[in-house]
Amino acid sequence: MAKMKLPTIYNVHLVAIIATLGGALFGFDISSMSAIVVTNQYITYFNNPSGVIQGAIGSALAAGSVLGSAIAGPISDKIGRRDSIMFACLFWLIGTAIQVACQNVGQLIVGRVFNGFTVGITSAQVPVYLAEIAKAEKRGSLVIIQQLAIEFGILVMYFIGYACASIPGTASFRTAWGTQFIPCVLLIVGLPFLPRSPRWLAKVGRDEEAIRTLANIQADGNIEDPRVIAEWEEIVTVMNAEREAGKGWRKFFKNGMWKRTMAGMTVQAWQQLAGANVIVYYLTYIAQMAGLEGDVAMVTSGIQYAVFIIFTGVMWLFIDKTGRRTLLVWGALGMGFCHFVIGGVMGGNHIDVPGGVGNPPNANIVIAVHSGAPANTVITFSYLLIVVYALTLAPVCWIYAAEVWSLGTRATGMSMAALSNWVFNFALGMFTPPAFVNITWKLFIIFGALCVAAAIWFWVFYPETCGKTLEEIEVMFSNDGPRPWNTRKGESRLAAEIEAVIARKEKGEQPGLAEAVTRDGDNKA
């Protein structure tokens, strides 16, 4: 009896929408706390957690993500990009169940660690999967769907939490946290219909399947299409070079690879050090500092997530028409300006409230900004910071980190990049709630200075990758590659290689991929 085979989806945008439900998990978990931490039910049941305790609750997701991202690369290389995402979903189901049933802070932290483990794997491997199936000129717009999914998850979960805040007792936060099962189940159902990465298939020697998958994605199944032939030749050439480079950790540092390792890991670190997540996670705190209370504070905070999605959606239209370097440098400078304004206005226009702001008092909020222009300025520039972040560092840091690796290092390399992100996310998660208490407005001055440092770093060390094939980026980071500030977007050599394939086919000098497929099938027989 023949084994039933599920149909496979090859429309890359539909593939991206399903795969990036992994990003929606991330978003759901972020705002599962954002809308809950200021509710009376949460404050009363968990005994008004503040400082290090609230920091531990908030950063538990990042702690689990550190573990998940650390093992994501080896798992992905072994079982594939798609199946590693499926593996991660199992831990999300466990973590969500623990959170829904938790009886104390310790159990809540454990549940968030399990969820974080899932996010660590998906945040590392979904961008890799999308980068490996996308055309070079559309890669940015495809990978940015991951960021949109994160933001959509944040927005939906925030307003679920807001709606559940009216439910009395612990059912309030338990109901909200229980809805985290929904995106995970949808992802589990959708994953079997997605193709495997053609580059991973080539890496593990499944050439026939790799060629057919590449052709289905790039040319409606035509394995003799010049684009498919040119891209396959690049993949084979790069794979051969990587096999000669050897195995082990030295491949991350040999022959110019250290530049790529540095770029992939630091771009993710700078995304965290730029400080936008202080606003994303804790705008409810900032709103209360500015004198907003109750539903007004909650809705004001929720609006930022809608703003986040809108402006990332705008960038989805232009991401592959604008250089990665341009967005990174100017984005960091714009965010730095916003941080300086927020910190400066808070510093010059506040009163100390040692017992905490609010009713009941929130022990994490110990200053109140003067009402009127100062409070309005703080809220306005908090929104503006999110706008700049949504247009620049939020999507571009994930895109850049997915682009810089070679085929042989991509899965583990992206895991290292995600690990960097989550280590700094964890550190800042532990640092921010105590910082709100101990250094208050000075926190924003620190982040402003870090944004200026990030802009300088981006300009000096990161070559432009926009419009290049993943194989061409090999050259950008090689010892003989151009200086980063001399690189430009586009200028891909793939178009010339396609023309060369067409010319050779016209002369009868170009072997077709059908021969390679037949030969691979004969070898398996």
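Along the chain as shown, the residues are counted starting at 1.
Quick reminder: no glycine exception, Cβ is built from N, Cα and C everywhere.
Just so you know, TrEMBL annotations never went through curation; they're auto-generated.
Computed from a predicted structure; not experimentally measured.
Straight from TrEMBL, the features:
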type: TRANSMEM; residues: 12-39; note: transmembrane segment
type: DOMAIN; residues: 15-466; note: domain 'Major facilitator superfamily (MFS) profile'
type: TRANSMEM; residues: 51-72; note: transmembrane segment
type: TRANSMEM; residues: 84-101; note: transmembrane segment
type: TRANSMEM; residues: 113-131; note: transmembrane segment
type: TRANSMEM; residues: 143-163; note: transmembrane segment
type: TRANSMEM; residues: 175-194; note: transmembrane segment
type: TRANSMEM; residues: 269-290; note: transmembrane segment
type: TRANSMEM; residues: 302-319; note: transmembrane segment
type: TRANSMEM; residues: 326-346; note: transmembrane segment
type: TRANSMEM; residues: 381-401; note: transmembrane segment
type: TRANSMEM; residues: 413-431; note: transmembrane segment
type: TRANSMEM; residues: 443-462; note: transmembrane segment
Among the ranges 143-163, 175-194, 302-319, 326-346, 413-431, the one whose Cβ pairs under 8 Å to the transmembrane segment (84-101) are most numerous: 175-194
Winner by Cβ pairs under 8 Å against the transmembrane segment (326-346), considering only 143-163, 269-290, 413-431: 269-290
Stretch contact, the transmembrane segment (413-431) with the transmembrane segment (12-39), Cβ-Cβ under 8 Å, 3+ pairs: no
Contact set, same chain, for the transmembrane segment (12-39): CB under 8 Å, 6 or more residues outside the stretch: 54, 57-58, 61, 82, 85, 88, 92, 99, 112, 115-116, 118-119, 122-123, 125-126, 129-130, 133-135, 138, 142, 145-162, 165, 172-173, 176-177, 179-180, 183-184, 186-187, 190-191, 193-195, 217, 280-285, 288, 297-298, 301-302, 305, 358, 362
Same-chain residues at least 6 beyond the ends of the transmembrane segment (143-163) whose Cβ lies under 8 Å from its Cβ atoms: 13, 16-17, 19-32, 34-36, 126-127, 130-131, 134, 173, 176, 179-180, 183, 280, 298-299, 301-302, 305-306, 308-309, 312-313, 315-316, 319, 390, 394-395, 398-399, 402
Spatial neighbours of the transmembrane segment (302-319) far in sequence, C-beta under 8 Å, 6+ residues away: 31, 35, 140-141, 144-145, 147-148, 151-152, 154-155, 158-159, 162, 279-280, 283, 382-383, 386-387, 389-392, 394-396, 399
Spatial neighbours of the transmembrane segment (269-290) far in sequence, C-beta under 8 Å, 6+ residues away: 30, 33-35, 37-38, 58, 154, 296-298, 300-301, 304, 308, 332, 335, 339, 346, 350, 357-358, 362, 364-365, 367-369, 375-376, 378-379, 382, 385-386, 389, 393-394, 397-398, 420-421, 423-425, 428-429, 432-433, 436, 443-444, 446-448, 450-451, 454, 457-458
For the transmembrane segment (381-401), sequence-distant contacts whose Cβ falls under 8 Å of one of its Cβ atoms, 6 or more beyond its ends: 127, 131, 139-140, 143-144, 146-147, 151, 263-264, 267-268, 270-271, 274, 276, 279-280, 283, 286, 303-304, 307-312, 314-316, 319, 324, 327-328, 330-332, 334-335, 338-339, 341-342, 345, 414, 417-418, 462, 465
